[in-house]
């Protein structure tokens, strides 16, 4: 299968400042080949001690989107290339990472106020369905799933029981691993979506079921990691090959440190879990970035298990770092950028995901089995013990004859994978070499009855020979008579003055005679005879 090797693409997006926020100092340089973001750390004397930290940090990104960047531009630059690959049969992942309130959910899902605020998920859905409608060469099926990971437990956001019951009572999504190390999620439903509207309804249903809570940073902060996945399978009519690809759109929970959030109680537990899973994510990323690490700790958290393919696996992955650039959050933004720099070192290998449709495969395999049986019989010489039929032998004789007459040096004698036939052919060839004049029929004489026949034939031939001898004798005497007649005719010619008339007569007469006498012989002899006789009268002349 085709393979695309590339590092994870990392983008940065700066959130617009709120009304009461003080702007931090940063500069964006979007020059190719690698745009950079420089963040200045204020020397803050209010801290009461002299701040000896570095004054400015510079980070490199694929591209940096400043505060005024619109949602459609974000989609076109970041998500569209990934969606195109997914349509072509590769896996894709886009994830947003950053502290609470830095705009992750806005970037991934979008804002609800205005249509133009739609985020990456709805735009990607509408782009994908748009492309699928245009392409009539294949048959496509699309499913979506929406997984929430909260305090290290997985929940299906598309479970219809969500509204009725408490989170704790819902069946948990668990991870199963098969022998090939592939991850399967149990209790996570795959809902078919035949068009954009159905898919968006599912997205909306999932969003209403998300765990949100108020933190000092944000009124409706996401307290869980959410993974919205679009599964696409395509098949050309009549072909046995199915392409399956999936696109994960991931909204991670906030990455801020616990002290910052000013929270207690169960929110503290949440924060610990969020930080723990992000810490594991970071560990996986550090491990992947190191050249000689053999063990990657994917299994430490549910999040990293589910995203295993997206990180250093069979996937085209893109990360968006969302940054809040007000003075209060500069530290967090720097740590987000640091994380992004590490992610940018990871190399992924995206493979075209093709598999074969079992029904069509069975037909192909049956044919293959027959071919292999034939080959096996050829190698072992077993299986076919019965004698070859007379018909088969005749067929082989014909094959050999045409093969021998063929002038083409590349021509081959193909009798199939049958040891008996191959042996017979060698036997036949040997006979032809030993008795070059023998007729083809003689070669079939493997039975004694045919030998008897050949003896009888010999007698017959002897008889024929005798008959021919007699015929020749008769002919010779006739020729003598003719000669005599011719002489008489000549002498007459000399005597007669009107020789022309006799001349015309004589050949015709001799012709008639010859024909009458030839009736007792076979036709062939008659021909020879009649052609030779008319010349006779002219010989002496």
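The backbone N, Cα and C atoms fix where each Cβ goes, and this holds for glycine too.
Not measured: the values here are computed from a predicted model.
What TrEMBL annotates here:
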type: DOMAIN; residues: 7-346; note: domain 'Kinesin motor'
type: BINDING; residues: 98, 99, 100, 101, 102, 103, 104, 105; note: ATP binding site
type: REGION; residues: 438-457; note: region 'Disordered'
type: REGION; residues: 490-517; note: region 'Disordered'
type: COMPBIAS; residues: 493-502; note: compositional bias 'Polar residues'
type: COMPBIAS; residues: 503-517; note: compositional bias 'Low complexity'
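A map of TrEMBL features onto the structure.
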| residue | record | Cβ neighbours (10 Å) |
| --- | --- | --- |
| 98 | ATP binding site | 29 |
| 99 | ATP binding site | 26 |
| 100 | ATP binding site | 24 |
| 101 | ATP binding site | 23 |
| 102 | ATP binding site | 28 |
| 103 | ATP binding site | 21 |
| 104 | ATP binding site | 29 |
| 105 | ATP binding site | 26 |
